[in-house]
Each structure stands twice: as structure tokens, then as C-alpha cells.
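In what follows, a structure is listed as C-alpha cells, so that the remarks can point back to it.
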């Protein structure tokens, strides 16, 4: 998905207005020695098992996200002094920050460019940078150091890449990418932006959370909070699962079922805001789609399902069991309805095959936006865990043409015998235990929400305390094609690092 994040902040006498919110306290952190400044900013010393003792500001900032054509979520950041602004894709599947350079000579003409000579806070680095993604795109250039400002939060001495060459990104709206995964995924060993936010005391907790709005016509497309959780965006309790391998946000998954048919027993998955669809091992995804009555469309690499010869009730639910909790996708949550220029409809399953292994040789699934739409997600670096809860948008349903789902079929191919695959877990990750946290009421003033979407495969994310709201804009590409319902490389932009195909 493409996410545009438009940062929003206000200033009074050139000072950022900080909006206090109640925060969920980590079980491994304590607060002490709080002081209040003359500008009513509360700063506290906090201990962390991961980061040691740091001083943090008890405040929040808000950022707006734009949901473009249900494919991307993008926001705005600034680099340098004075600020040079860029549209950025916030990516939980990578860890580098890069933007085009004013010295860029390849495929950069349409993008905003960073000019180091125009920034008084620029520090030269010069080490080479290169990154490639699973969609075939890539970027290269050199590392530099400067101040990175996200919705008024100034992260100083941040190492990032200014790119002199881009490939496969001609259709992109965003200028660059800001990765939110673990440091092990960085290309140059630099400290990621989120880690610097925390270590510089700019956020209250090393967590972040996402709310993605599935309604593309809504004025609010989603929300990204750095440093906190928005309890108004989910219902019920949160299921937390330990991170199995620190790089992407990867965790163990108990099973996948279609109706009463088991597709796999045990496995691994990552939560990836940078992937539109849900991707899994080819054999398992084929079995899943067969159980749905789907047929492979070789032109798109996706499976089609019939929306005209079958009733909606003939499609079973698809359930991902994670940490002992069933996360259920209903038919209209996993069927993508596309219309071509002749007003003919084609329906696709959002489950797409792709064989990938992590650095421990484990096959894994990518739970992209079509999973995260329905389940609020929390990424906790301090405790190395991922959390999911039912989104407030779970019961939202798209408008369906009256000509669809009028068939006479009443049952689908759910009786097909599919042998469950038992995955052997060889990782040395800590055991998969489930903990649930009851919904915590969070108070905040005028939140602006954001959504970050980026590369996927194993996903590891970080959080700073910031809110982002998204608004829908005109799609940058034709989303009604029946042959390619999604731009070829936009249903998954996976960062190649410790991932084997």
C-alpha cells in the first residue's frame, strides 16, 4: 500500500506545541525524577532493560498520513537546517532512511532532493550506500549526517543516505523511505531514526503502533503513533507475541485455517506495513486458495475467485491463529473487487504466493495491509514483541455492486483434503508465549494520525510518540485493471537482507 504521511504541527513563538497523553507503561521501565520546564514540558528519567537510563519528554506530537489508492501510506519529514521537506514511506520492513540527493543523476527528476550545502547542520560521512527491494527497485548513493525532523521532533546527528541513483521507482509518489525495523537490517550499520529518537529522549517509550483505515474514501486514512498506543482505535484486549528473530518484526504463528480446513500447523510470519497483500509459501497459499475455490491468474500472479456465480455466504472465513488468539478474516476482508474500463468486475484473493526464508532457514508469511486493516498493531522494541488487537474498523464493509454475489452456489471447495504442513522450528528465539493486555484508555488532544508502509518480509518495527492521520488522494495509478489489480511491485516491497528466495 502506498502511504503518504503529511506531518502536522503548530508553533507558538517558534516552539512546538506538545500535547500530553496518557501512556501505557512498560513492565520493564520506571519513571523518576520528573521536572517541568518553564514551557510546561515534563521531562523524566526512565530506565530501560534495552537502552539503560534515558531522559524522556512526556509529550506527544501528531502527524498526518495519506492513504493513496489503498496502496501506500506516506508522510512528510524534514532534513537539515533549515528544513528540506520530503514525502516519506514509513517502512517496518527496512531500517535505513534515504532520500534523493541534489547530485542524483539517474531517475530522480520527479523527486525532491536533499542539498547538503544548504544545511548548516550537515556533517559529511561519505560511506557508500546501496539497497535493493523484493519488487526489483533499488537505490544507491552515500551516507551523510544531519538533523531529521518528524512533526517537530528534531533527531540530531542522524545518519541517512542521500541517493545519487534510483531504479524501478518511476511510479512512486514518495521521495524516499524511512525504515522502522531493527538495526540489523541497516545497510551501513547506522543507528536507525527510531532508536535515536528514543536514546535522545524525544519519546516516552520505545514502541509504536498503527491503525490503518480500510475505507479509502474516509478523510482519515490511518494513524501511526510513536511512543504510545491509541486505545480508541481498537476493541478488546491486545495479544502480544515475542519477536522470534530481530531484524524484521517476525514471530511464530500457530496455524492457518480456511473454514474447518487446516492449511498449516505452526510457522512464522512478519507484520509489514509496506506490503499491500498477504503473502505466504507457494504450496500453502495454493492450498488456501484452492480451499477458497480460487484459480491462478498467471498474468497477475494472483488467484481469482468468482463473484458472479457464487453467493458471499459460500466463501469461508480464513483464520490466522497467533499467540493462542484467532484473527479471523471474513470474505469481504480478503476479496479484492476490481473493475475494468468496460465496467466488468473481477475478484481476487489477497493471498499471494512467494517462497521466502529468513536467516534461520524458516519459511515465513507476510501479513500486509489486508491483515493490518482489521487488526491494530503494536511494535515494542523494549520488550521485543508484537501486539495485535481487533481494529475499530473491523466491521467496516466495502460497497459491493448489486450485480455481484448473486450466484446459486451455497458451498465452496472447503471439503478438499489439504494435508496440514507441520513446520519445524529451528530458531533459537524465545518461546512463543501469549500475554494479553486489557485496553488502556488513552487521552489525547486533536490527534492527527499516520500510517507507515514499507518493505516487508521479516518485519521489525520501532516506535516514537507521534500520531498520524491519513486522507485519501487521487490514485497515482489505474487500480481498476483486471489483469494487474495492483501495480506489479507494490503489493510487496521487501527489503533484501537476510531473506532467501
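Just so you know, glycine gets a Cβ as well, placed from its N, Cα and C.
The structure displayed is predicted, hence computed values, not measured ones.
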Given the ranges 421-440, 441-460, which one is assigned the annotation region 'Disordered' in TrEMBL?
421-440
Looking only at Cβ atoms, how many others are within 10 Å of the one on residue 307 (disulfide bond)?
24
Name the one residue among 91, 104, 108, 272 whose Cα is closest in three-dimensional space to that of residue 347 (disulfide bond); these are the recorded positions.
272
Of the recorded positions 104, 108, 272, 307, which sits closest to residue 91 (active site) by Cα distance?
272
In sequence order, what residues of the same chain, 6+ apart, have a Cβ less than 8 Å from the Cβ of residue 108 (disulfide bond)?
100, 101, 163, 165, 166
